[in-house]
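Asker: Dumping the structure here so I can ask a few things about it.
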């Protein structure tokens with residue numbers, strides 16, 4: 001189905017980016033809490049690069065690290081000239097799309113493995129995407145549940161369809177070979193990346209320091225500067241003796257839902273990937289607007305399946321409201337000193353709420369959609 | 001024996017001897033007492049008998065001591081004020097006495113073996129020598145005690161004579177320098193130096209040198225240490241920035257501590273932590289806050305060149321008051337009971353504009369330990385006629401004397417001091433004017449008159465040096481209680497002069513608004529001093545070291561360093577010769593910046609800016625007054641090519657003067673302390689934040705699990721219900737409600 005005014009919209013989007021690049025200087029987008037987190041800040045990258053040039057340990061400055069440098073370099077190569085604002089998020093989105101598209105098109109396991117390893121290496125959270133990737137390789141792209149096919153095939157055999165149609169509807173088997181191929185390449189690529197990192201960092205601290213200062217920094221929420229999430233304020237306020245407990249709880253919460261979702265949605269790996277990215281964007285330690293951009297972009301892929309989703313009006317205007325209010329509250333608190341941290345935290349809370357509703361609603365309606373398919377097939 | 005070999009001990013030695021005797025009286029008696037108790041218990045004597053045996057002996061010794069004290073009134077009273085009160089208590093029981101002795105821990109190391117040996121051979125000891133007349137015992141004492149006492153005195157004499165003949169002694173000198181300042185204030189600089197020869201020659205025992213300090217040095221292997229407590233800010237423009245007084249005694253507000261250790265590098269951090277705790281206890285200050293690794297750093301060359309064994313820490317907000325001065329005074333042999341330190345009347349010195357008390361230690365195998373204690377105050381003199389004159393133009397400077405500055409007169413010196421002197425220094429500006437007017441630099445000249453005629457006039461050599469002040473010296477040992485010393489200056493003509501400034505006036509300030517980010521700016525404004533010193537070659541350059549520590553919550557982006565010279569932006573490599581940065585780590589390390597800059601001589605002003613982000617702290621990490629802001633310690637700027645050394649050829653070569661010889665330092669100046677406001681969270685919110693966040697998390701977890709868990713049968717039933725609803729519209733409302741509830745949970 002062709003979208004009307006497609007090229008017009010593309011041109012408008014590119015134009016908007018250009019406007020931001022050219023006239024966005026006054027907005028200080030590079031240091032806005034919405035788009036720049038401690039992990040993705042360009043200033044910290046520059047500082048890390050400067051320290052590296054001066055041959056000091058880049059990890060001394062906690063967050064400005066080599067990995068970011070590589071990431072930004074790649075991003076720059078990929079989307080040269082598009083400016084600062086969505087560099088990191090786009091980088092990620094490109095990667096993830098690469099990852100899924102590459103597999104979609106030709107089952108290029110090595111490339112998928114490379115994309116996966118790099119994404120994990122850069123920001124840790126994509127690690128859970130291994131589940132949808134394996135499912136995707138095993139079962140192929142999104143399809144209605146196997147039960148539907150079974151029912152269909154049985155009904156077809158009754159009605160006596162042609163042999164060709166029957167094979168096309170045949171239940172897909174889990175293709176172990178592709179998955180093993182992927183895991184093999186996954187292993188090779190991760191060894192390769194770790195080896196390269198250790199070679200680069202040999203003089204200034206080694207791999208241990210890298211893990212400690214990158215993944216450790218992500219998992220222990222050490223930087224308490226405000227962002228659009230809720231965890232920064234939570235960990236700034238929480239009593240010190242509860243800190244470890246809550247760190248475990250929040251990090252485990254991302255993992256808790258991986259298995260139930262994978263069981264229930266195993267026939268829809270792409271949608272599973274979308275749900276995972278949404279959950280990660282909601283619960284990660286340093287969220288930014290780029291994370292939401294990724295899953296909101298992916299949301300469009302399931303327009304047909306999620307057509308019956310509820311609360312869309314509420315969600316749409318909720319997102320708009322939060323994105324308008326959040327900068328205002330931030331300004332009042334940080335710059336004018338008339339507001340207070342609670343106001344800004346409240347917008348973060350509302351934002352998390354919205355994301356929760358979005359995830360729950362989309363999963364619910366996807367399941368409902370599958371049910372409807374089955375009902376349609378059986379009836 | 002030494003006693004016989006030395007026919008006539010000099011008066012000084014006799015004095016020392018008396019002092020020694022006073023010092024060790026109780027140690028010796030304690031030693032006796034122990035010995036007597038041991039012997040007595042061997043012989044089966046009762047406690048009462050033992051006490052009686054010790055009684056007369058002690059009383060006689062006290063008599064001798066009284067005589068000694070009469071001869072040295074100041075020293076005896078000041079230094080052994082505590083001993084006297086102990087004596088009263090000790091008269092009660094022998095046990096209490098020995099305990100007190102143990103507490104004091106001043107037993108001579110060679111004491112008891114000597115005693116024991118003499119006890120065993122009474123005859124040989126008895127005819128050895130006669131005690132000196134001052135220590136002569138009263139007639140007809142019991143034979144055993146006389147014998148014992150004589151032996152001990154003999155031993156003491158021998159030891160004292162031996163010490164005075166051979167090894168260098170512990171010394172103490174006290175000095176005070178007074179100086180009128182151009183802005184109608186007066187500077188007073190107290191300087192006390194105690195020194196002890198290397199440990200091997202003297203053992204663990206000290207006469208004058210504070211034991212706490214020597215223990216500290218030995219325990220932590222300190223080769224250099226400086227600790228300063230400062231209140232107020234040195235006014236570099238008015239009070240001078242070039243002369244040794246300001247370069248070595250202008251200190252940053254609060255506490256500054258640095259130490260060089262003679263230890264392997266791996267042990268230094270642990271030793272530093274212990275040292276901070278020890279000093280904290282010793283000086284009644286929260287120096288122990290320097291223990292945490294976020295508050296000290298190890299500069300390489302920006303502060304003082306070293307091999308990684310130097311640690312530096314500063315507490316800019318530490319309040320300094322009398323509770324820090326009292327322990328500091330305790331390190332002096334006369335405390336503030338006698339000598340120059342007796343001028344330190346608290347209400348007078350703490351109402352000044354600047355107060356800095358410093359302790360500097362140097363220790364080495366060859367030198368022993370040298371402890372320099374200085375106290376610098378800038379006071380507003382209470383003018384003699386009682387009215388304060390605020391405009392300096394065309395008006396007389398306020399005349400003042402020591403009595404007006406301190407509310408005290410000086411009644412003689414601290415008797416154990418080697419020299420005790422008071423200097424009055426007049427600035428080069430005044431000297432130049434006097435020279436220009438044609439009159440001589442006597443103490444009574446055209447412009448001012450000193451209340452007393454000085455013992456000596458010391459002129460600073462003018463060759464090559466900018467500063468050439470002159471100093472009037474007074475020897476305090478010529479004065480006594482009956483004839484107290486008070487010197488003052490009375491101005492005859494109005495005089496305006498200025499102190500020599502440092503090559504650049506350096507100031508530091510914050511730029512930017514809001515609580516997210518900002519910049520630190522360092523501005524240098526040339527005073528054109530180099531033209532006066534080196535002439536004015538145009539292609540020359542001036543070096544400047546910058547040393548700055550920044551706490552971790554001020555996250556400086558060192559790549560954002562920008563340098564503007566005379567308003568024009570320069571590339572960093574043009575100006576920065578050398579740079580060393582230790583980036584900060586959150587809650588672990590402060591950032592340290594060391595830079596060597598090279599400014600062209602023709603430059604009039606330079607500005608350096610560094611951007612930073614403000615950090616966000618945990619709720620527990622904020623101090624009680626979180627909204628006041630956080631202090632960034634002063635930066636130190638030093639100009640290695642400018643040396644404020646001065647020569648005083650007319651100083652007494654015999655006595656020397658630590659105060660004047662110390663006038664050899666590189667010109668350096670400290671910048672202001674910066675106050676950075678940081679954002680605060682709502683301190684009353686912890687429970688709310690925890691409950692809100694956890695509620696949302698539970699909502700997410702529960703509803704998602706619910707959506708996944710919903711069984712097919714259930715849904716079918718629901719679907720059927722929906723069909724029913726379409727048919728039976730009357731139930732619509734209630735079903736909608738149920739569905740809503742289902743959706744929600």
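The backbone N, Cα and C atoms fix where each Cβ goes, and this holds for glycine too.
All annotation found in TrEMBL is predicted automatically rather than curated by experts.
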Asker: Which stretch, out of A:270-286, A:287-303, is listed as transmembrane segment by TrEMBL?
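Answerer: So the range that TrEMBL calls transmembrane segment is A:270-286.
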Asker: Are there 3 or more C-beta pairs under 8 Å linking the transmembrane segment (A:241-263) with the transmembrane segment (A:215-235), counting only pairs at least 6 apart in sequence?
Answerer: yes
Asker: With contact taken as 3 or more Cβ pairs under 8 angstroms (pairs 6 or more apart in sequence), are the transmembrane segment (A:241-263) and the transmembrane segment (A:122-140) in contact?
Answerer: yes
Asker: Sequence-remote contacts (6 or more beyond its ends) of the transmembrane segment (A:270-286), Cβ cut-off under 8 Å?
Answerer: 37-40, 96, 100, 125-126, 128-129, 131-133, 135-136, 141-142, 218-219, 221, 223, 227, 229, 231-232, 250, 253-254, 257-258, 261-262, 292, 294-295, 298-299, 301-302, 305, 352, 355-356, 358-359, 362-363, 366
